[in-house]
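Feature list (source: Swiss-Prot):
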- 15-34: transmembrane segment (TRANSMEM)
- 46-73: transmembrane segment (TRANSMEM)
- 80-99: transmembrane segment (TRANSMEM)
- 105-126: transmembrane segment (TRANSMEM)
- 138-159: transmembrane segment (TRANSMEM)
- 165-184: transmembrane segment (TRANSMEM)
- 211-231: transmembrane segment (TRANSMEM)
- 243-263: transmembrane segment (TRANSMEM)
- 275-294: transmembrane segment (TRANSMEM)
- 300-320: transmembrane segment (TRANSMEM)
- 340-363: transmembrane segment (TRANSMEM)
- 369-389: transmembrane segment (TRANSMEM)
């Protein structure tokens with residue numbers, strides 16, 4: 001009994017420490033990717049094309065690394081892979097201190113940071129306790145979201161004092177996360193050293209066995225990300241509000257999401273699989289209605305209310321969807337499978353802004369992008385609603 005309690009304490013301690021490390025790495029990413037490089041064209045001579053490329057290449061590096069990181073963790077072990085990741089992130093952001101507006105360093109650092117964060121995410125997802133997956137995934141996504149947003153906001157404020165003087169803080173945050181890592185005990189599932197050919201075959205096998213999940217993984221990210229390029233223009237030209245009021249809408253949505261992730265996500269663990277299916281289906285339907293509603297509304301107070309509901313729904317839909325995915329994963333292939341899933345999700349997040357921007361540009365109508373995003377969620381609701389009904393019929397005697 002004592003051994004069991006000690007094991008649970010150690011497991012919980014490791015989980016909390018990994019949450020802190022994830023928060024710090026996302027904090028550094030928020031500072032650099034969401035704030036620092038976006039402000040560079042306004043305070044230095046660096047071109048917008050350079051910073052835009054750095055932004056895109058960061059997520060390409062992240063997605064590409066996710067595809068193979070699970071296999072690298074199994075082959076070389078978590079210590080070597082994570083230490084290499086922290087080293088790459090620290091060196092790249094340390095170089096920014098000395099070359100704050102160098103195009104090469106800006107792009108190089110964006111790539112290295114994308115690579116470095118990948119193994120932390122895969123280990124984090126693999127270490128979640130299956131008995132409390134909904135609740136713990138709420139904590140994971142809360143740490144991710146909080147890290148990104150707080151890092152971005154703090155860097156935005158610091159840039160107002162001086163555009164580059166506080167760049168050292170990004171490397172410092174990574175260094176703190178690196179030190180904390182040595183106080184964590186990480187256990188991988190089914191550690192092995194398969195040859196490259198066998199690993200490639202396993203990637204194909206993992207992909208083929210989870211094809212039913214790919215539409216949801218890819219298209220959810222694409223549908224949400226498609227709105228990113230048009231939301232500022234929608235706020236200022238359609239709703240006709242200031243950037244401050246637009247920021248308030250984002251904050252309200254973030255608060256709703258945080259509340260849902262921390263307090264509502266745990267209900268996924270305490271209810272049946274049918275309840276989880278209902279949350280996912282309802283989430284897709286509500287997203288369809290709410291996103292479509294944004295295309296017809298010009299009252300900022302209603303927009304704030306919709307933002308709150310979207311945040312609340314996102315905070316419970318994400319853990320529910322994650323629990324649904326986890327039910328399809330072989331326990332001995334968690335790192336490999338989560339890596340492939342994260343990679344597919346990353347590609348969805350990359351193509352979303354591109355498609356959303358092109359739709360708006362060629363149709364010259366912001367509403368068409370809202371329609372596109374809403375239709376994706378409607379298609380997901382129909383697809384997975386049908387799948388859930390079939391699954392429930394199959395398990396009934």
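Each Cβ is built from the backbone N, Cα and C atoms, and glycine gets one as well.
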Result, the transmembrane segment (211-231) in contact with the transmembrane segment (15-34) (3+ CB pairs under 8 Å): no
Best-contacting stretch, by C-beta pairs under 8 Å, relative to the transmembrane segment (105-126) and drawn from 46-73, 275-294, 300-320: 46-73
Closest-packing stretch to the transmembrane segment (211-231), where packing means Cβ pairs under 8 Å, from 46-73, 243-263, 275-294, 300-320, 369-389: 369-389
Folded-back contacts onto the transmembrane segment (80-99), same chain, C-beta under 8 angstroms, at least six residues removed: 25, 28, 32, 36, 69, 72-73, 105-106, 108-109, 111-113, 115-120, 123, 167-168, 170-171, 174-175, 177-178, 181, 186
Interface present between the transmembrane segment (138-159) and the transmembrane segment (369-389) (three or more C-beta pairs under 8 A): no
Residues from the same chain, set at least six apart from the ends of the transmembrane segment (275-294), whose C-beta lies under 8 A from its own: 223, 227, 234, 267-268, 303, 306, 309-310, 313-314, 316-317, 320-321, 323-324, 370-371, 373-375, 377-378, 380-381, 384-385, 388, 391-392
Contact check, the transmembrane segment (138-159) vs the transmembrane segment (46-73), 3+ Cβ pairs under 8 Å, seq sep 6+: no
Which of 46-73, 243-263, 340-363 contacts the transmembrane segment (300-320) most, counting Cβ pairs under 8 Å: 243-263
